[in-house]
Amino acid sequence: MNEISPLDRVDPTLDSTDKSRDNEEEEQQQQKQLSSNSDKVSISELDKQNESSSQISLSSMKVLNENMGNQEQSAPNTEEEVVLDHPEQTIKHQIISAAQHGDINILKFYLIKSTENPNPHSPNLTDSDGITLVHWAALNNKLSTIKFLVSIGANPDIAAGDMHATPLLWAVRYGLVYVADYLIRDAKVRVNVIDNNGIGILLASVFSSNIMMVIYVIWTLNNIDDSEITNVGRNGIDTVDEKKRTSLHWAAYQGDFLTVDILLAAGAKIDLVDAEGFTPLHWGLVGNSKSVVSSLLAAKCNIDAKTGDGKTAWNVASDMKCSTMWASVLTENNRDPVTGNKIQNFVSEDLAKTLIFLLPFASLPLTFLVFSSSIGILVKIIMMIILLLLQQLLLKKVLFTSYNCGKININRSPLLSGVFASTVCICLIIWLLKIVPYTIMDENIANLIFTIGASGVIFFFIKSMTLDPGYIPRETDDKAISDTIYELIKLRKFDSHHYCIYTNIRKPLRSKYSKDKKANIARFDHYCPWVNNNIGVRNHKVFIAFTLSLEISILCWVNLTLEYFDNLPEISEKKCGFLSEDLCSGYYGSKFTFFFFWWVVLQLFWLSVLLIVQFIQISKGSTTYEFSHIQNIQSNENTFSSVPTDDSFVLNDTVVDEDEGDSDENLETNLSQSLFSNGLNTETYSQARRFFTFPLFFISKIASSKLCRMVGLDQMVILTNDLIQKNSSKRKQLQFNYGFSRNWLDFLFLRRIGDNYSFRTLIALPIKGENNLNDVLVDYYNFYVTPETV
């Protein structure tokens with residue numbers, strides 16, 4: 001049997017970046033050769049330990065090839081691969097092959113007594129290495145086969161192989177959650193078992209790099225009714241191997257930032273040292289993973305800890321050729337890159353946010369004062385550059401560092417909402433001091449409309465900025481978390497698409513996780529930098545009221561300003577070229593108002609685009625986030641699903657990448673694909689690509705830029721493409737579209753049980769996540785079923 005080349009196995013749970021342990025060891029060996037000779041003791045020791053630990057998957061498990069994909073490889077011709085000298089050996093090989101392939105019919109024939117087979121084989125049959133049929137079925141994710149073997153008397157808890165590992169350890173090592181769950185809950189195997197290397201179930205799950213397997217082990221095992229289970233799950237999160245390395249040490253070394261984050265959130269001790277004196281931070285630097293090191297620093301690890309041979313984190317980073325990364329992480333975490341000392345903030349976090357919001361109230365009027373001054377153009381440019389540099393210096397060196405860790409993102413700061421608020425303030429001042437005295441008699445209706453509209457803008461702006469958009473509370477109860485996991489396993493939906501790995505809740509439909517707020521947002525629409533808030537189920541209607549009142553107010557203000565320019569004294573000797581007579585009077589009579597007039601007109605442009613996009617999306621029953629993916633080709637995102645390969649439960653859920661909506665690169669790809677394809681056949685597509693590649697690529701580049709995304713131009717591109725594909729068979733349908741009138745009634749009126757359409761239901765806002773969908777009251781905090789079953 002040792003010469004048999006086992007059947008290829010497809011592992012659907014491992015990430016595309018997850019290499020086989022052999023290749024991973026080779027890469028790690030090459031990486032470590034870059035270090036100095038003085039570093040050889042500790043790092044070479046890791047190689048030995050890693051080589052030894054990897055045997056839980058390679059030596060003892062006789063792993064089948066980890067080819068990525070969702071279809072099994074065809075069975076090799078065993079007669080070409082192995083010489084079978086005895087009929088009994090042939091039968092044994094057929095039985096093992098059937099267990100690997102999940103061929104229950106063959107297993108029934110050979111393992112169950114019948115007239116055709118009066119002398120059946122034992123279900124505990126093993127190969128020459130002592131590996132059982134349950135081992136092989138578990139490794140190949142054949143859950144139905146395992147259930148059958150156990151039902152006829154197979155022992156699912158036999159330790160086998162070089163490392164003396166049980167089928168549970170095999171399944172956990174490869175992230176096969178459903179197999180592990182069956183073995184633990186139904187077959188009642190031991191969960192506190194360890195192999196010859198001292199590797200238990202938690203460390204094995206970390207080696208799998210399947211975050212769902214890690215979550216299962218952490219959050220479910222402590223809820224099993226077994227008094228002997230004391231060192232698994234959260235209770236055993238700091239369990240060490242023979243070299244005193246915890247799961248956090250190994251996750252940091254592997255560069256598995258998701259597992260690192262989960263372990264830290266579950267309470268793993270961050271500064272434990274192994275036998276070599278290495279902390280998880282040191283191993284994160286050895287693994288050269290910026291994400292891991294950033295997570296450890298954010299969790300307040302001890303950056304001054306030294307290894308057993310006296311090396312600091314800076315020494316390890318230097319040996320591993322990652323000093324630049326280490327300095328970058330320290331800087332992003334507001335630390336001195338040389339000493340690691342925390343840089344003293346000049347202001348508190350709350351004060352910093354307030355000052356960022358108020359900064360445009362000074363910089364914006366100063367900018368227009370410079371523009372409208374009579375000094376020379378060269379001096380104006382120099383003054384503008386100085387003003388811009390001073391503002392950037394204040395933001396970057398003082399304000400952003402007081403509250404923001406990581407990469408600075410202006411769009412996620414209060415700065416743009418401050419720009420908007422200061423613009424409104426200046427508009428009101430110009431209107432009161434200049435426009436009203438000239439227009440109050442002739443344009444009293446327009447002034448009244450502007451007064452009402454401006455009042456609405458201020459009210460709805462504050463409301464949109466401060467209202468909770470629908471943050472779904474995270475789950476903290478261990479029992480509730482494990483119940484959620486068991487429910488999703490039963491539904492075959494335990495993956496990162498249906499389960500939030502950060503908040504431990506079942507993810508409702510139409511929700512999205514916010515990295516900034518560390519919470520899921522119910523019926524997420526988009527993030528608006530102009531109100532510095534996410535737009536979700538609770539503030540979407542308020543946001544629409546804000547944009548509509550703003551559009552009306554701007555139109556009135558522009559009309560009143562032109563009337564004001566018309567009433568200014570004419571200057572006949574002055575010439576303005578292409579400008580109209582009114583604008584010419586404004587340029588010479590009130591330069592500040594003239595320049596600010598064009599600034600407001602610019603806001604009118606993006607606001608109009610936003611309103612058009614929102615109108616169409618609401619009419620189609622869609623959110624901005626959903627609409628952004630309507631043309632998207634099926635995502636290749638790995639959701640860490642490990643549904644058994646012989647399972648009849650087929651899922652057809654559309655996968656949407658959580659980060660895709662916030663990624664410029666992904667959005668650019670989506671727009672390019674959307675613009676190029678348009679449902680064309682291959683020949684037409686190729687011809688169109690030749691003629692239109694450059695202009696369409698240029699459009700997609702522009703539309704996917706941050707500026708165009710802020711004003712909604714990316715959505716306009718998608719809308720245009722959607723109209724082009726109107727009659728295309730490949731055009732994707734929106735899931736929650738119930739017709740124009742139904743969609744708008746659901747959006748505008750919040751009708752609880754017994755309510756009618758009225759002004760009260762029009763202005764009513766959700767208390768939590770309640771809203772109407774197809775004239776049915778639903779709770780978007782717990783919205784898990786499709787509209788057909790509501």
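Positions of Cβ are set from backbone N, Cα and C atoms, glycine also.
Pulled from TrEMBL, these are the features on record:
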- 1-57: region 'Disordered' (REGION)
- 1-22: compositional bias 'Basic and acidic residues' (COMPBIAS)
- 32-41: compositional bias 'Polar residues' (COMPBIAS)
- 129-161: repeat 'ANK' (REPEAT)
- 198-219: transmembrane segment (TRANSMEM)
- 243-275: repeat 'ANK' (REPEAT)
- 276-308: repeat 'ANK' (REPEAT)
- 377-395: transmembrane segment (TRANSMEM)
- 415-433: transmembrane segment (TRANSMEM)
- 445-462: transmembrane segment (TRANSMEM)
- 494-628: domain 'Palmitoyltransferase DHHC' (DOMAIN)
- 542-560: transmembrane segment (TRANSMEM)
- 596-616: transmembrane segment (TRANSMEM)
**Fill in**
Per DSSP, the repeat 'ANK' (129-161) contains 16 helix, 2 strand, 15 coil
**Prompt:** In terms of Cβ proximity under 8 Å, which residues at least six beyond the ends of the transmembrane segment (415-433) contact it?
**Reply:** 356-361, 364-365, 368, 395, 450, 454, 457-458, 461, 465, 529-532, 557, 560-561, 593, 596, 599-600, 603, 710
**Request:** Can you check how the pLDDT averages out over the domain 'Palmitoyltransferase DHHC' (494-628)?
**Result:** 91
**Message:** At a C-beta cut-off of under 8 Å, are there same-chain residues at least 6 beyond the transmembrane segment (445-462) that contact it? List them, or none.
**Reply:** 420-421, 424, 427-428, 431, 436, 439, 531, 542-543, 545-546, 549-550, 552-553, 556-557, 559-560, 563
**Message:** Based on DSSP, tally up the residues of the repeat 'ANK' (276-308) by helix, strand and coil.
**Reply:** 16 helix, 0 strand, 17 coil
